[in-house]
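According to TrEMBL:
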- Arg132, 154-157, 230-232, Gln236, 295-298, Arg490, 501-502: substrate binding site (BINDING)
- Glu150, Asn152, Glu408: Mg(2+) binding site (BINDING)
- Glu150, Lys334, 404-413, Tyr415, 437-440, Glu463, Lys492, Glu498: ATP binding site (BINDING)
- 220-331: domain 'Glutathione synthase substrate-binding' (DOMAIN)
Amino acid sequence: MSSITQGSYPPVLQDAEKERLVQVVKDWTVAHGLTVRPPPAIAGNDTEGILATSAPVTLFPSPFPKSCFEEAKAIQTTYNELYALISQDEEFLTEMVKEVAGGDEFIANLWNVHLRVKKEGYVQNLALGLFRSDYMVHQDDASLQIKQVEFNTIASSFGGLSTQTSLLHKHLAQHEYPLLSSSSSASNLDLPSNDSAAGLAAGLRAAFDAYGSSTLGHPTCVLFLTQSGERNVFDQRHLEYALSSSGPNKVPVFRLPFSDILTHTTLASTPTRQLLYTLPSNPSLVFEVAVVYLRAGYGPGDYPSQEAWEARYQIERSNAVCCPTVLTQLAGMKKVQQVLATPEESNTNSVPSALAKFMPPTSEKTQRLLKTFTNIYPLDTSSSGLHARSLATSPTQCQKYVMKPQREGGGNNFYRSAIPEQLAKIPEEHWNSFILMEIIEPPALANSILRNGKVEVGGVICELGVYGTCLWDQSSGEIKFNEEAGYLLRTKGDKSEEGGVAAGYGCMDSVTLV
């Protein structure tokens, strides 16, 4: 990439320098909300929930190819448009769900929520997506290219902490790196601005404004649905604060645990079924929910009972603008990503027919999308699927692949030699609920990670996420708002397969362009 990656960067820290830098980082992160709630093992008996700790973060920004960074940001609005179109195509999503639902009860239950609402009739045509497209840099003999890891359509986290991480590294570059004895490699860093919190808030604001005033005389609000005991609360708060202070008119924002939906929300007895939120601390205050932003509901753990599914049904059938709707959440299935990237055996064109269904095959935008795809295969009984099965069950061939279920949130995938072992536990008729992806091989990098007060030094792997916001009309197809909304860089040790920060694998980082 550049001489910055060839051993001189990051600077080697003397013990006293490391001690000082760690203390500065710990203080800055707490002072600026680059924090998480501590895990139970550290929190102990913090029954009042007053403790916070620094989010895991690199001591230096990681080098990232400028051309790859700019391409990832430039293509985001095209990805927004693509997934808005997919979310509107019920026939296409029906086929995707049929492929995986037999071996995936969670997907089947989500689809059932949609079918129930469809039967009685949707009352809100607007849909909001706060998306994140994740990439790694793939290095081959010829060039460096971004290759998509996945596309997230629900609970795309760390937009709030990403902004703070960029600010942290800018602060360190200005005030601390020049003090290091071997600081020459950190003296001229190219640190791009990152307004991900404001960018995501702008999408929520667009949906709030599009909803309009209450016809029932209630004040309108945005409702964040969260997981109980959420450790990543400060990331979400940054979005909340950015939203509540945006625009000329105040936007009331409230947080509600997903498990309390049926306790504190009701539907108005009107044909348009407005979602009403009663403030738990003051039951005399009732708000009409204009936008529901789901930071929960993306995995089976959020639905421990039928009551939880009824809660999701209540949200989906209401007049609130959902971020995301069930259809938009399903558009983020790994199966969708796979069929967009995989040509059929009978397809002689370079553009997979699934992608051509939504984007003009010969357009520049489509060709740019294609360049971001890596090799992904089904695990069904098609020719491609049978080939993938042979790869996945081979002790040697499987070393180049990762097997993914239809899940978000990190910690769900199976890598390399774990693939045959996992398939042996699953009935073959359910193998098609997984996809097989070729592992992306990024360039070698090094950095120092501060996690739980301790510094880990060594090789790292970086994953770039680019945020996008999109508001569209499910009925007419009109896109009313479509913007790129900042970035996230997650970094993990090069011995770790998974990369989720919230799941305990990765850490927050920012880019220095090279």
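Placement of Cβ uses the backbone N, Cα and C atoms for every residue, glycine included.
Tell me about the setting of these features in this model.
If you draw a 10 Å sphere around the CB of Arg231 (substrate binding site), it holds 19 other CB atoms from the protein chains shown.
When other Cβ atoms within 10 Å of the Cβ of Glu408 (Mg(2+) binding site) are tallied across all protein chains shown, the result is 19.
For Pro405 (ATP binding site), the same-chain residues that are 6 or more apart in sequence and have a Cβ closer than 8 Å to its Cβ are Asp104, Lys334, Asn412, Asn413, Ser433, Phe434.
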Ser157 (substrate binding site) to Ile439 (ATP binding site): how many Å between their Cα atoms?
23
Please work out which residue of Arg132, Lys492 has the most C-beta neighbours within 10 angstroms of its C-beta, and give that one of the binding-site residues.
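Top count of Cβ atoms within 10 Å goes to Arg132.
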Whole-number Å distance between the CA of Glu150 (Mg(2+) binding site) and the CA of Arg231 (substrate binding site)?
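A Cα-Cα distance of 24 Å.
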If we count other C-beta atoms within 10 Å, could you say which of the binding-site residues Ala155, Ile439 has the fewest?
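Candidates: the binding-site residues Ala155, Ile439. Fewest Cβ atoms within 10 Å: Ile439.
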I'd like the Cβ neighbour count for Asn152 (Mg(2+) binding site), meaning other Cβ atoms within 10 Å of its Cβ, all protein chains included.
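Counting Cβ neighbours of Asn152 (Mg(2+) binding site) within 10 Å gives 22.
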Of the binding-site residues Asn152, Glu408, Tyr415, Ile439, Lys492, which sits closest to Arg132 (substrate binding site) by Cα distance?
Asn152
